[in-house]
Amino acid sequence: MSDIQAANNTSNDEIDLVELVKTLWQGKITIAVCTIVFTVCAVIYALTAQQWWTSKAVITAAQYQNTANIRSQITNLYAVIDDSSKINSILDSESLLNDYITEFNAFDNKKAFIENNEIMKKYADEAELTDENKAQFISNWAKRISASQPDKKNQPDVYQLSFEATSSKLAHDLLVAYSKDISDKVRDELIDALDAKISYSQQILQANKLALEASAKQQLASELIKTNYALDMAKSADVTKPLADMNNNELFQIQLGTAALAEKSKVLDKIKDLSIFEPKLGIIHTKLELLSQIKLDHKISLQGVRYLQNTDYPISRDKPKRPLIAVLGFLLGIMLGVAIVLLKSAFNKSAK
């Protein structure tokens with residue numbers, strides 16, 4: 001019984017398949033027309049749609065020599081501070097790379113570039129921007145600027161920079177210009193950090209200087225008072241010459257005699273160099289002088305990152321994918337044609 005049922009099902013399937021092929025063959029003109037129309041439309045769209053090209057560059061952390069020029073300008077700072085690691089952390093190649101990527105992907109930086117770059121201004125003029133669609137224009141273009149990691153697992157320090165534009169040359173020129181803007185921004189932030197470090201070191205040294213000067217002045221005043229008291233006492237005791245057999249640890253050194261005490265009083269009264277009482281003042285003066293000689297060049301060329309692949313001129317467009325669009329149009333035309341033929345056949349059968 002089951003064998004008979006299976007045979008009937010097979011026969012029905014064969015009949016259905018034959019009818020399907022017959023129906024499609026009868027509607028071949030409809031299918032062909034749909035296929036041709038959709039394929040032609042797809043080709044026309046592919047040929048007339050806005051082209052987009054992406055320029056790319058590959059970067060990684062800079063090497064020590066890439067920051068040698070700025071390190072040479074802060075040699076005095078290295079000589080002054082006790083812990084050079086604080087400076088090295090500012091100039092660390094990994095930190096500079098992270099700063100660069102952060103700034104590259106920052107929306108505010110993209111926005112400023114889109115608003116101020118001459119090429120982008122031409123794009124804006126062509127778009128005839130209004131206050132309402134300006135934000136959308138900026139947002140759309142910002143999405144075309146990116147820094148990403150192609151192989152985060154195996155090459156965590158390698159990043160790919162990209163900028164998408166309507167021609168190969170414009171994509172290249174825009175990526176070069178934007179990369180320079182970011183390099184300048186990272187450099188400015190680095191210079192500001194070093195300036196802040198120099199200023200902080202100067203403030204600390206100035207504070208120590210004031211404290212030591214106050215201590216030295218107090219010691220000088222105390223020594224002058226004791227000397228004058230000793231001079232008065234020596235005069236009263238008629239001690240004119242130094243006495244060899246008196247204790248040198250006495251509070252008032254009358255054993256020096258009036259002549260020596262009088263001269264000592266004159267010398268103390270004329271002292272201007274407070275480092276006599278606080279030797280550290282001399283070191284502080286030297287450090288402050290070294291810091292004052294540091295002249296940072298705010299326009300210095302800084303290579304905060306190292307290029308593994310320089311900015312290229314893209315040789316093939318990213319969008320539109322013309323062959324893919326044509327194939328999709330062809331397939332869509334066939335599917336729509338088949339659907340129309342089958343629906344038409346179904347309606348005809350139901351009408352009968």
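All positions are counted from 1 along the displayed chain.
Positions of Cβ are set from backbone N, Cα and C atoms, glycine also.
Remember, TrEMBL labels are computer predictions, not curated facts.
Among the features that TrEMBL reports, domain 'Polysaccharide chain length determinant N-terminal' is placed at 13-103. According to DSSP, the domain 'Polysaccharide chain length determinant N-terminal' (13-103) comprises 70 helix, 10 strand, 11 coil.
Annotation source TrEMBL lists transmembrane segment at 29-47 (among others).
What TrEMBL lists as domain 'Tyrosine-protein kinase G-rich' is 285-346.
Sequence annotations record features per position, and here TrEMBL assigns transmembrane segment to 324-343 (among others).
Packing against the transmembrane segment (324-343) from elsewhere in the chain are residues 23-24, 26-27, 30-43, 45-46: each is 6 or more residues past its ends and has a CB under 8 Å from a CB in it.
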